[in-house]
Amino acid sequence: MTGMRVSTRGLVLIYRSEGHEVAALSGVDLDIEAGEMVGLLGPSGSGKSTLLSLLAGLFRPSAGKVFVGPHELSSATPRELDALRAREVSLMLQGAVRNLLPYFTPIENVRFAQGAARVVRGDVPSPEEVVAGVGLGDDAHRPLAELSPGHLQLAALAVSMATTPGLLLADEPTSQLDHEARDLVLERMALVNREFGTTIVLVTHDPDVAATLPRTITIRDGRVGGEGRSGEEYAVVTPDGFLPLPGHVRENLLPGTLVRFHLEDGNYLLLPESSEQPSEGRHRA
Amino acid sequence: MTRWRYRPGQALALVALAALVAACAVFAPLYDRAMQQALTRTTIDGAPVVASTVQLEASNSEDPTIPIPTPEQVADRLPADVRGDFLPPILGYGGDADVIPGQASDPIGSLLWRDGQCDHVTITDGRCPDAAGEVLVSAADAKNFDLEVGATTRVNGRLYQRGNSVLAKTVHLTVVGTYTQEPDDFWIGRLLTGASGTLSQGAGGPGHIQHDVWLTPRETFNSSGATAAVTSSWAGYRIDADQVGVDEVLDLGSVADELVSLPTPPGAAPVSVATGIGDLADNVSDQIDQSRVTVPLLMAQLGLLAVVVLWLVLLAVTEQRRPEVALAHLRGRGRRGARRLLLAELLPVTLAGLVPGLVLAVVAAWVARTVALPGDVPLELRLPVVLALVLAAGVLLGITVVASVRVAREPVSDLLRRVPPRQSTWALGAVDAVVVAGCGAVVVLFATGGLEGPVAMVAPALLAVVVGLLLAHLTTPTAGLLGRRQLRRGRLRLGVSILDAARSPATRRTVAIVTLASALAVFSADALLIGERNRADAAEQAAGAPLVADVQGNDLAAVRSALDEVDPDGTQVTPVVRVPQPDENAGETLGVLREGFTAVALFPGGAPDQDDWAQLAGPDVDPTVLTGRTFTAEATGATLTSVRVDGTPYPVTLGLDLATPSGEILHTSLGRFDGTSDRVDLSGTAPCADGCTITGLWVSSLPGATISGTVTIGALQVEPSGDAVPLGPAEGWTALNDPSSGSMKPSSTSEDQLTVKVDGQGASLLTMPNAWLPTEVPTLTTGSLPPGTSGTDYEITGLDGEKQLAVQVGTLDRVPASGRPTYVADLDTLQRGRVVASTDQIEVWFAADDDGLLDAVTSALHDRGVSIERTTTLADVRDGYDASAAAWSLQLAALVGALAILIALLVLVVSAASSWRLRARDLAALRMTGVPTRSIRAMAVAAQLPAVLLGIVAGTVCGLVGAHLVMPTVPLFAVDPEVSTLDLSTAWVAVVVAVAAALVVLGVGSVLIGRALAARSDVRRLREAGL
């Protein structure tokens, strides 16, 4: 299966906690092209895992729409969502063992993960092929308890890729790994992305991981706070015209600061009201 | 299997619980069946042989012209398909052996043939008869009628017709041996001897002297020559106790009924059927019905406990698998796939419990059978056992599916949460609400009498479910409130412990299960001891004393003398005289010695007040005893005259009534008075060498003649000793004042003489009783007084069988070994002036079942020519009550109570095992903040212990209330005792023992579990990644 395009429009998720309504996402617009490998960054509680869950169809958004390939998830029936998860969308949970049935070997886990897809589609790769594809061929039949954390994560990756889905959503896939294992896992994910064209969206805290990704999206306060492409950090103008400031700029432009946008030579200058001349507080937009 | 190798402990716990559910279901029919078989054996063994036998007898007594069938033909009347349930039939003929020529000295009696008869008598002389005309006579007949071996005699034989006359052939019988009969089931209760030399009970006319039964071979009845007259042809089927079981006995009950009502074909001799098998079958059937109450009552509750525990464990197990269920959802398997994932893992395990459950039930039934049931009854795997197993499988399947569905249908987002959403509010969840409402409705229905049958039997458990669930539900928010309050007050240890308890789902489980288990334990123990107590009380009531000996004859004086010799204090043995009720409306009179009786007799429920017994005392007057054969007296100032109806005078006779030591009244004349005289010498004789008591002074004349006048009697003395006997003063006598017959009024202040004024209105005899004689006998009564009685004065049957005035001085709830109504009187009082009738039953009651004491009494009685007829012990009576389905069923309660507590302990262990990582990590976090080890340990214990204690308290209350509700419906006896001693009050000892057992097992268990958790709360736990 080839990668699937993912997009969201005005995505809002509000939940209740201890009698209060909390907006986990407050208007997220996102476009990820098929075959892209994108990282979702952001501080804890920013909403990136929530966004990932919405992309997997685990929650229904309070408002807005989620498009995965031709499917619009916010109005999909449970049966449609099951079918989607069976064939096209795979979610890799944070913590390798949460993706695996503890009493099965890696290959048995892969076979289990293929169960529904095999009924619906039939053309799933063999479990051996999948396990070998993530480089876990030698450990395919070993009990999980005997695997290293890195190999456990690879087993989780193999399970997530068991049906060669069009979209792989991975929540902190490298969070509990040492550098060597982390790099190995990232390498395999990149390989999957290249070989199968699978669209991969992964959540990470790790700047080293983010650095390896061709595109990153930073979620902040439930919104898209910025985007990084090939190491360059961008702010993203929202459909309603808001422009979130990058983190380091916010330290200089305190809340309440008045700014003007000044077009100069085709570039926007951001001029805080307090300064007459652009100086240290003068920013190029 | 791969899955369960990963969690072997859980698998074992589930298999164990499923096995317990299956075992509870299977055990009930298994044990019930074994109990029925034991019951059948006990009933057959305990019944007299005549009751467990079918006796068929063809007789032509109504029409001698009808031919009598052979014994084989008679035996064939029993349907062939049931003959296998009996031993081979005993065949026989019966006939008359009236010795001719029929003079007064020629005895009459029976001639009998029984197949194999000589093997069942003791031949004391000669040999077994084996040819026609030979007989074996009893040793008594040989002696009484000079029928020694070799003697011949003639009896009337078969009838034949000559012309218009019916004549009897003469049969010559030759005595070839003599026999004595020993008790033997072969004779099916028939007594062969005991009639020799006694008179027959002739209808109207004088009886005829009888001989015992003469035994003769079949040929005597069958030979071609002069044969004996056959009056009956007989076949006896004795039940084969080793072959028949409960089914056969119940079938035989209806066969026996059909046999009895079988019509006689025209022209055939009628065949009578005598059997008690129908009654035996009814008895067994009744007891089976009883066992169908108690066994399910106990096992269903234990099964319910096991089901609830299994349900809770399944909830815990499925909770633990939430991440796995979430994975099934994430891999597109949907709810159905998630359900399958759980069922594929859980169902084989729970269903696997059926096999060990069956084995466990068989083993438990075998043990219960060995311990509780008499004999060696078989364990039978019959259809009900299979059905029970299927039922258990259905229950296991049902709860496993429901538990799996419950988790599988949760949204995947909830399933992925590390801490599942918990109910922390006061509101009741839907499932809990349904269960509470359903169980509560059943309990309310039962309590208001609107429910009967099997469902009603689990009322105690259902009540405990309601209370347990409600308490469990309230525990979390209540503990949360309390915990937070304690923390705000700075009580860290207590606050954290309570909050820990509130947070843990195990707390709710613990409260619910411990409540249910404690209720079951308390109820079971209570029921067991209530049953024990009631059987003990009923046995005491029925037996009367630890040992009761029935004395032959009516020689009360000898009995009392013997008992005085053995036990001068009268506190170890005491005489009791039972005067049978003369008719259905009257009561039985029971003569007792007050102090001895209250010391020896058993009073279940407590002895009556001693003050009541003191009222039984007779008149406090010393008897006037006259010892000698001849006595003289002097009458002075006599004006006694008697005038006949025609006006002519007639002499007046004066005398004394004297009671011998045996109570016999001697009506003794002292002299006659014929008009006025200053002095008359009086004298009389009576057999009073052993002393006679003066009971009355009488005067007599002719019927219809009046008697009037006064006389003073004095100087009464016994000859030849010359001992003076005081007749006065007047207080020693009771004036006679009968309007219809006349009066006799004493007046005297001196001991030496007595003046009597007589005024007779025509009665031939006027007797002025001595004050020593009771005018009315004080009695304590139970039941109603005789019909027509007003107030407290009524009539009892005295020792002599005659009516005697009595007064009710108090009432008793029950009289030991007596039915209702019974009138208890002081034996000394009853004996005054009354002889003991031959129909009275003299008994000796013993304070202890002591063989030595019995031997001493037997010996002392023997010395006085009195023997003991039979003895009854309290233990025998108790055994009779214990050998019943009702008792055997209740014995299960001990097993159920113990298992309930052990199951609750299992729940504590499983709960701890399934949540120990979480709780150990919480404690580790506290340890990391510097809380000392000792406090950690105390908190770990305190988090569990209050829930256990709360459950035990609630369970105890539920058990007590449940027992109060259900015990009235639990059969405690096979047949209700004649006099009820029913006491369903709480057996507090049992309750205390059950609660103590629950406290020790569950309390200590929870402390140990808490300590084990504390020991595992190492700070390194905090680094663990939870699986």
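Every residue number used here counts from 1 along the chain in the order it is shown.
In case you wondered, yes, glycine gets a Cβ from its N, Cα and C as well.
A TrEMBL annotation is a machine prediction, not a hand-curated record.
Positions annotated as transmembrane segment by TrEMBL: B:297-317 (among others). Residues 10, 13-14, 17-18, 20-21, 24-25, 27-28, 346, 350, 395-396, 399-400, 403, 406, 454, 457-458, 460-462, 465, 505, 509, 512-513, 516-517, 520, 523-524, 527, 889, 892-893, 896, 899-900, 903-904, 906-907, 910-911, 914-915, 966, 970 of the same chain lie 6+ residues outside the transmembrane segment (B:297-317) yet bring a C-beta within less than 8 angstroms of a C-beta in it.
Feature annotation from TrEMBL assigns domain 'ABC3 transporter permease C-terminal' to B:299-408 (among others). Looking only at the domain 'ABC3 transporter permease C-terminal' (B:299-408), the predicted model's pLDDT averages out at 87.
According to TrEMBL, the transmembrane segment annotation covers B:341-366 (among others).
The transmembrane segment annotation in TrEMBL covers B:386-405 (among others). Remote same-chain partners of the transmembrane segment (B:386-405), defined as residues 6 or more beyond its termini with a Cβ less than 8 Å from a stretch Cβ, comprise 18, 21-22, 24-26, 28-29, 307, 310-311, 314-315, 317-318, 339, 342-343, 346-347, 350-351, 353-354, 357-358.
Feature annotation from TrEMBL assigns transmembrane segment to B:426-449 (among others).
Among the features that TrEMBL reports, transmembrane segment is placed at B:461-483 (among others).
Taken from TrEMBL, the feature transmembrane segment covers B:511-531 (among others).
Per TrEMBL, region 'Disordered' is recorded for B:724-751. In terms of DSSP secondary structure, the region 'Disordered' (B:724-751) contains 3 helix, 11 strand, 14 coil.
Feature annotation from TrEMBL assigns compositional bias 'Low complexity' to B:740-750.
The feature transmembrane segment is assigned by TrEMBL to B:892-918 (among others).
As annotated by TrEMBL, domain 'ABC3 transporter permease C-terminal' applies to B:895-1012 (among others).
Residues annotated as transmembrane segment in TrEMBL: B:939-967 (among others).
Non-local neighbours of the transmembrane segment (B:987-1014) in the same chain are 510, 514, 517-518, 521-522, 524-526, 528-530, 533, 897-898, 901-902, 904-905, 908-909, 912, 916, 919-920, 923, 933, 936-937, 939-945, 947-949, 951-952, 955-956, 959-960; each lies 6+ residues outside the stretch with a CB under 8 Å from one of its CB atoms. Among the features that TrEMBL reports, transmembrane segment is placed at B:987-1014 (among others).
Across the domain 'ABC3 transporter permease C-terminal' (B:299-408), DSSP helix (H, G, I), strand (E, B) and coil residues number 95 helix, 0 strand, 15 coil. Outside the transmembrane segment (B:511-531), and at least 6 residues removed from its termini, the chain residues within Cβ reach (under 8 Å) are 298, 301-302, 304-305, 308-309, 312, 460-461, 463-465, 467-469, 471-472, 475, 886-887, 890-891, 893-894, 896-898, 900-901, 903-904, 907, 947-948, 950-952, 954-956, 958-960, 962-963, 966-967, 970, 972, 983-987, 989-991, 993-995, 997-998, 1002.
Sequence-distant contacts of the region 'Disordered' (B:724-751) (same chain, six or more residues past either end, CB-CB distance under 8 Å): 621, 624-626, 631, 633, 694, 697, 699, 706-707, 712-718, 757-763, 766-773, 775. Sorting each residue of the domain 'ABC3 transporter permease C-terminal' (B:895-1012) by its DSSP state yields 94 helix, 0 strand, 24 coil.
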